[in-house]
Amino acid sequence: AHTGRQNVGMVRTKSKGKDVARKLDWKASVGRQIAITPTIIVLEFMLFRKVQSVRVLISVMVVCVGVAVAAVTDKVAVSNLIGVAVGLASVVVTGLYQIWAGSKQKELHANSSQLLLAYTPQAMAILAVLVPMLDDVGSPHRGGDTVLGFRYTPAVIFAIAISGTLGVMVSLTTFLVIGATSSLTYNVVGHSKTVLILAGGCFIFGEAMPWKRLLGVIVTMTGIVWYSYLTMQQAGRAQLLEVDSNGGNRSPFKSNNLLAEKGGETEPLLLQGEKTEAKV
């Protein structure tokens, strides 16, 4: 009986440990995603001297705060400094990867499919070197969870194939979205995935929705909508300036170019354009 209780206790401990590990993995993933967004802003300034407007910075901060409030429900103790260092390094590398995914498309005049085709062989070569160093490859005669010793059933092979296909689609859509918008926009939109995961857990699986999580979801969506409005506003302003410059006429918006570059309101530009049309 004592042995039975001991076994039950060990099972419960392992189950609780796995649950804690899943929570820590989730929080680490969310924390990394939150950290990438401001990292991209800093890297774009350092590499390209690209300065975001104050309102865009505030909207991004609102999104990050909302995601943190919604996803992180309790405190996490940092006990592995090496893991923290690796995590911070991965944030910087991911930020550079996303920035270059957009800049190289513009520099090479390539679309997302061409960029994916160009970098895939290099990624495969890097993985071919790193996998034997970091993973337990094993041998075909060994059992257990090793690369060569694992028993590959048709269901497992099918799952691997589906996972690889979805991975390619994720990379393709990543390049597509970054090329059409920007790496910052890609990250802000990506935070909506976290909101959908939390909302789906509540509505589909019946998970609890505490007031703190609900508040975080509302704040996140508010920031995303605000950021979308600002980027659409800036895109419309850029189109107006481009059309006017291509027309060869004196720009009625010339006096407001500095305001436009610094993220000012577009209403004065539109009003000046309407007044000019009225005079004509």
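Cβ atoms are placed via backbone N, Cα and C, with glycine included.
Computed from a predicted structure; not experimentally measured.
Mean pLDDT of the predicted structure over the domain 'Sugar phosphate transporter' (41-228): 85. According to TrEMBL, the domain 'Sugar phosphate transporter' annotation covers 41-228.
TrEMBL lists 254-280 with the feature region 'Disordered'.
Taken from TrEMBL, the feature transmembrane segment applies to 54-72 (among others).
As annotated by TrEMBL, transmembrane segment applies to 78-103 (among others).
Taken from TrEMBL, the feature transmembrane segment applies to 115-134 (among others). Within the chain carrying the transmembrane segment (115-134), a Cβ under 8 angstroms from the stretch's Cβ atoms is held by residues 101, 104-105, 108, 147, 168, 171-172, 175, 179, all 6 or more beyond its ends.
Within its own chain, the transmembrane segment (154-177) has Cβ neighbours under 8 Å at 98, 101, 105, 112-113, 115-116, 185-186, 189, counting only residues six or more beyond its boundaries. Taken from TrEMBL, the feature transmembrane segment applies to 154-177 (among others).
If one looks beyond the transmembrane segment (184-206) by at least 6 residues along the same chain, the residues whose Cβ comes under 8 Å of a Cβ in the stretch are 30, 33-34, 36-37, 40-41, 44, 52, 60, 63-64, 66-67, 70-71, 98, 174, 177-178, 213, 217, 220-221, 223-224, 227, 231. Taken from TrEMBL, the feature transmembrane segment covers 184-206 (among others).
Only residues 6 or more beyond the boundaries of the transmembrane segment (212-230), in the same chain, are considered here, and those with a CB under 8 A from a CB of the stretch are 53, 55-56, 59-71, 73, 185, 188-189, 191-192, 194-195, 198-199, 263. The transmembrane segment annotation in TrEMBL covers 212-230 (among others).
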